[in-house]
Amino acid sequence: MEEFTGIGYFYKKSIKNQLDKKDASLLWELPYYTLLYLANCVKKHNNSNNIDLCSIINAKSGLCSENCAFCSQSLHNSSKIKEYPLKPKEDILKQAKYIEKYSNRFSIVVSGKTVNDREYNEIIDAIKDIKKETNLKVCASLGLLDNSQLKELKDLDVRIHNNLETSKEYFDKICTTHTYDDKVKSITMAKKIGLEVCSGGIIGLGESLENRINLFYELKELDVEGIPINIYNPIKGTKTYELLNNNAIKQITPIEALKSIAICKLILPNKDVRLCGGREYNLRDWQSLSLLAIDGLMIGNYLTTNGRNIEDDIKMIVDGGFDGK
């Protein structure tokens, strides 16, 4: 570290969007509080004191054909969860109306590699109703979509969500029924059409620091607008849970998670880094510190796990001096 004049070196490179992988590895050696301070300085450089709030509805749960090792909705895992087909559009609209008083964004999320024609058309109807009856920005996580579907979603001003989940070199350790390149192809197609894309991953799946940093740079190369960071929440019955239970991989620590979030922001200074699932379980009493480095927060319940009380999250944001919603 002696070759650098101090943390100002990293700050200057970050605001110029010029941090390289060597810089990112060196950043890891800094204390978590220094990294959070740096990330917050970068946020303030971009005149951002805001924490943009989003929420999701698990509109179709379980029975997924894909074998993602971390996912409780996969048929290849044995987790005990609620399974149900696509919810009626009335239920989706009801949830959207409820969350509007707290959130800017609302995402319709479904299980599965993709949606069939009937499901797709029903989701389109639900999106139109939400657009008509609320002021929410609408997002959708519908798996791998074709060109015509993406164009229709673009016309409706919908942001697409499609997580890479992890880096290219680690992807086949967590999923083999579809590929990393399948995801990249879908994201690239969406970007080419002009859609905004939210794509991030899950940290704490047993990946190395190098894997994690590579994921952040892969997202940077794809030029996605939003980067949701999830922290793996062990759910019994998933293969990743068994790896943790057998000590084949280590549980991520709160400090490791905070450092990863801060480094992500420093690598992607002009993008919206959003903290999502697993924060309650993994960060515990350290959750408020994450606000220094993030641009957005997912509130409410997640896919198959509960979030914490929304009012508590709002209070945390206000108490920290941040602007919410």
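Here the Cβ of each residue, glycine as well, is placed from N, Cα and C on the backbone.
Copied over from Swiss-Prot:
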type	residues	note
BINDING	Cys64, Cys68, Cys71	[4Fe-4S] cluster binding site
BINDING	Ser107, Cys139, Cys198, Arg274	[2Fe-2S] cluster binding site
DOMAIN	46-270	domain 'Radical SAM core'
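A map of Swiss-Prot features onto the structure.
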residue : record                        : Cβ contacts under 8 Å, 6 or more apart
Cys64   : [4Fe-4S] cluster binding site : Cys71, Gln73, Ser74, Leu75, Ser111, Gly112, Lys113
Cys68   : [4Fe-4S] cluster binding site : Ser74, Glu165, Ile174, Cys175
Ser107  : [2Fe-2S] cluster binding site : Cys54, Ser55, Ile56, Ile57, Val138, Cys139, Ala140, Ser141, His161
Cys198  : [2Fe-2S] cluster binding site : Cys139, Arg159, Ile160, His161, Asn162, Val224, Glu225, Gly226, Ile227, Pro228, Arg274
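For the [4Fe-4S] cluster site, the Cβ centre of Cys64, Cys68, Cys71 serves as reference, and the other residues of the chain with Cβ at most 8 Å from it are Glu66, Asn67, Phe70, Ser72, Gln73, Ser74, His76, Asn77, Ser111, Cys175.
Shown in sequence order, Cys54, Ile56, Arg105, Ser141, Arg159, His161, Gly226, Pro228, Met298 are the same-chain residues outside Ser107, Cys139, Cys198, Arg274 whose Cβ sits within 8 Å of the Cβ centre of the [2Fe-2S] cluster site. In the three-state DSSP scheme, Cys68 ([4Fe-4S] cluster binding site) falls into the coil class. For Cys139 ([2Fe-2S] cluster binding site), the number of other Cβ atoms no farther than 10 Å from its own Cβ, over all displayed protein chains, is 23.
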